[in-house]
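Per Swiss-Prot, the features are:
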type     : residues : note
DISULFID : 151-178  : disulfide bond
DOMAIN   : 151-259  : domain 'CUB 1'
DISULFID : 263-303  : disulfide bond
DISULFID : 289-318  : disulfide bond
DISULFID : 322-353  : disulfide bond
DOMAIN   : 322-436  : domain 'CUB 2'
DOMAIN   : 439-500  : domain 'Sushi 2'
DISULFID : 441-483  : disulfide bond
DISULFID : 468-498  : disulfide bond
DISULFID : 502-528  : disulfide bond
DISULFID : 619-661  : disulfide bond
DOMAIN   : 678-741  : domain 'Sushi 4'
DISULFID : 680-722  : disulfide bond
DISULFID : 708-739  : disulfide bond
DISULFID : 746-788  : disulfide bond
DISULFID : 774-803  : disulfide bond
TRANSMEM : 833-853  : transmembrane segment
C-alpha cells in the first residue's frame, strides 16, 4: 500500500484540480462511478493518475481565452458579433460557434509525458507491473480566417438617405462589406445625388444598376464627386461599400429618390413619319410611310412598363414597294425597290413591278425623272397614259431618251412598268409625280435647283424663273417660262435642267465644282478642264470634300491659269477630305477618265469647294486644342514652319502631333485633339508570382491582385487600384509588389559606437545589405557591408564592424601641420629682412649665455651673486621627441631647455 503521505498528496492534487469541474457523461472525463467501483483489473494509482491528468487538461482548457473571428486574445479587438455559443466542454475537438468566420482544419499533436519517478514505498503488485499505462496529451490548434463583417440592407422606399456605417468604437477586424439594395416601382428609376464623399485609398464605393440577372456599373469612387447626380435606367440599384480598415470607416452620404422612366423617342423611318402619344409606359408610337413605300414591321409600338422601359418591338422601315395602286394622288415619288429584299423576287435578280397612279376627276399628272440609271440590255422602263397595260405608251427606255422635262398624262392616270433581268449595273430610279388642275399649269420642278414665281397657283399669265444650285448650270431650256392659253393652260417652254458640266470658266469669289453628271456617275473617256479666277490680290483655297474616283482616272490641280503651270497635286482613287492653296489668283483643274478601261465600274465622283482668301506667305492660323497647347518653330507661319501639339497630363493626343507648313501654304495634317485618358498603364507582371486583373484594359476603377508562387511571400500591396486624377494621368494606388523567398528576416545588428548605418530599420529581408560608416577621426574595423544571408533563420554574413580612434591619421595630420609651419618655402618671403634683424640679437644672446655657463659651470660661482641649492640636468626636447606624445603640439623646430 502506498504511504499515507503519498495518498494525501494525490488527493489534494485531485480536489484542487477538479474543483468546479462538472463531471457528466460525454464530457470526456472519468465518471464518478469509476472512483467507487473501478473496473475489474484496474489499479487504483493508475486510475487516480488518469483522473488527475484529465482534470488538469480540462482546467487548462477552460482557462483559455475565447477567440472572436479575426482577433487575437485581446478582448478589445473583437469584432462586433455576438457569441451564440461558447467553447465546447468536450476534451476532443474545440469548436467556436461564431458567424462571419470560418476555421481551418485543426492540427493535432500528441505529447507523451515521461513516466513518473518511483516513490520510496512498496512497488506495485505483479499484475500492475505487467500493465503499462501511457498518457496522451492531445493539443488542438484552431486557425481562424478573418472575413469582412456584413452589413446589408434592402430598401423599398421611394426616397431616402444612404450613409456609411457609424463607428461606435468597435474594431471591424477584416473590414466591412456593406450592400444597400434600393428598389422602387416598375416604370421608375433611381436618382442618386452625392452629398458627401470622404474615402481613403483602402475603401471602395460603387453604384450598380440591376436588370434581371445583369449588373452594370453606373459610378464608383474614382468617378464620383460631391454634387454629382447619378441616374439608373432601371428600378433597382445596388450601392456597395467596402473598407479594409479595422477602425473608423470613411464617410459618404447619398440621397436617392425615384423618378419616372420613359422610352427613348423612336427614330423616324426614312421616307416615312412617326407620331408618339406618350414616351412613358403605356404610350404608343405610330408609323406610316410616304406614298410609294411600304411599311416593313408593326404600325404601332407600345412603351412597356418594365424595369427598363422599352418599346414593344423594333421600329419599322419604309421600303420602296415593287408596284401598287396610288389613288387620289397629289404629290409623291416612285423609287426602285431593292432587288435583294423585294417580295416579288422569286427568280434571282429578276424584277417586274407595276404601278398605277390615279388622280381625282378632272385632274392630270406630271411625271418628272429625277434620277434614272438603267442597264441598257437588261432593264426596261415603260410609261403609259392610262390605267391599263394596253394604254398608249408615252415613254419606252428601249426607244426614247430620258425626258429631262418630264411627261404629261392625257388622262387622270399613269401606268408605269419596270422590268429588270439580272442587271450588270445597280438599278436606280426616282420618279416624281404631281397632280394639277386642267384650269392651270402644273407646278414646275427643277432638280438640283429652285425657282421663283409670280403666282403660286400657276394660273395663266404667271411667270417662273429658274436657277441652279452651286456647281450646276442651266441647260436645255430658258431661265424663265410663262403659263399661257387659258383655254388649255400650259407652259410656253419646258423647264430647263441643272447639270454638272464637264469643265468651264469660273470667275466667282466662291463656288463648287462637281464631277460630270453629279450625283450620277461620270462616264468614261472624259477630259474636263475648269478654270478658277479670283481677284488679283487674292489666292484660291480648294476644299476637297469628296474624292471617289477610279484608280485609272486622275484629278490634277495646277497652280496657274493653264495646264503648263506647276502641279499642286495629282490624285487617283479614294482620298479623305483635304485642302489645297494656290500661290496666285488662278487655279486650273483637269479631270480625265480612262476610256480604254475594259472593266469600267461606277464611281461616285468628287465635290470641290473653292473660295478666294487673302494672299500671303503664311499658312492659316491653327486653332488651339482644348486640354493642350502648341509650340511653333517660327513666330510667323511661313513655309517650313513646324508646329508641335502637346496635351496636358491626363490627356492623350489623337492625330498627328507635328504639323508642317507646306510649299502651297497648307498644313501637312489636320490639327489633333486631346482626349481624356481613362486607363492606367499596364502595371506589369511579377517574378515568381501571378496577377489577376478585373479588366485587361485597366480602366479607372479596375483592380489588379497579385499573389506569389509557393515558397515565396508578397512584399508590398496585394491589390492595386486604378484611380483618376483631375490634373494627371490615371495612376495605380501603389507600386507593384514583388515576391521574395520565404526566409525569416535578419534583425538589425545595432549601430557601432562612434558610427552609423545606412537605411536603418528593424528587420532586413534575405539578400538585403547593410552598410556601416564611422564618424570623422575613427576608423572602421571589420566589414563595411554585411548581407542578410537566407536561412532558417537568416543570418548576417559577418559581425558588425567597430569604430576605433584613428591614431596614425591624427599623427599624420599633426606632422603635416608642423611641416607646413616650418617649411622654408613658406618663409622665403621677407627672409632676408628677418635675418638682418634677428641675427645680431641671437649673437648677443649666445655671448651672454656663454659667459653665464663659464661662471656657473667652470668657476662654480653665480654671475649675479645668487647661489642655487643644486644643479639639475636638463635635456633638450626636440620636435622628434614631441611627436611621440600625441597630446603635445610644437610650433617650430627650435630647442628648449627646461629646468625642473
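Just so you know, the numbers here start at 1 and follow the chain as drawn.
Keep in mind that glycine also has a Cβ here, set from the backbone N, Cα and C atoms.
If you look at the domain 'Sushi 4' (678-741) against the domain 'CUB 1' (151-259), you find at least three C-beta pairs under 8 angstroms, all six or more positions apart, and that counts as contact.
Secondary structure counts, DSSP: the domain 'Sushi 4' (678-741) has 0 helix, 33 strand, 31 coil. Around residue 722 (disulfide bond), the same-chain residues at least 6 positions away in sequence with a Cβ under 8 Å from its Cβ are 222, 679, 680, 698, 699, 700, 701, 702, 703, 704, 730, 731, 732, 733. Long-range Cβ neighbours of residue 746 (disulfide bond) (same chain, at least 6 residues apart, Cβ-Cβ under 8 Å): 763, 764, 765, 766, 768, 788, 793, 794, 795, 796. Distance noted between the C-alpha atoms of residue 774 (disulfide bond) and residue 303 (disulfide bond) is 84 Å. Mean pLDDT, taken over the domain 'CUB 1' (151-259), works out to 84 on the 0 to 100 scale.
Broken down by DSSP into helix, strand and coil, the domain 'CUB 1' (151-259) contains 3 helix, 63 strand, 43 coil. Put simply, of the disulfide-bonded residues 263, 289, 661, 803, the one whose Cα is nearest the Cα of residue 708 (disulfide bond) is 803. A separation of roughly 78 Å, to the nearest angstrom, links the Cα atoms of residue 498 (disulfide bond) and residue 739 (disulfide bond). DSSP places the residues of the domain 'Sushi 2' (439-500) in helix, strand and coil in these numbers: 0 helix, 24 strand, 38 coil. Per DSSP, the domain 'CUB 2' (322-436) is made up of 0 helix, 58 strand, 57 coil. Proximity to residue 303 (disulfide bond), defined by a C-alpha to C-alpha distance within 10 angstroms, is shown by none of the disulfide-bonded residues 151, 178, 528, 661. Most other Cβ atoms within 10 A: among the disulfide-bonded residues 303, 498, that distinction falls to 303. Here the Cα atom of residue 322 (disulfide bond) is found 14 Å from that of residue 289 (disulfide bond). Taking the Cβ of residue 739 (disulfide bond) as reference, residues of its chain lying under 8 Å away and at least six apart in sequence are, in sequence order, 686, 687, 688, 689, 708, 709, 712, 713, 714, 715. Residue 619 (disulfide bond) carries neither a helix nor a strand DSSP state and counts as coil. Counting only the Cα atoms, the space from residue 803 (disulfide bond) to residue 178 (disulfide bond) is about 58 angstrom. Within 10 Å of the C-beta of residue 528 (disulfide bond) there are 19 other C-beta atoms, taking all protein chains into account.
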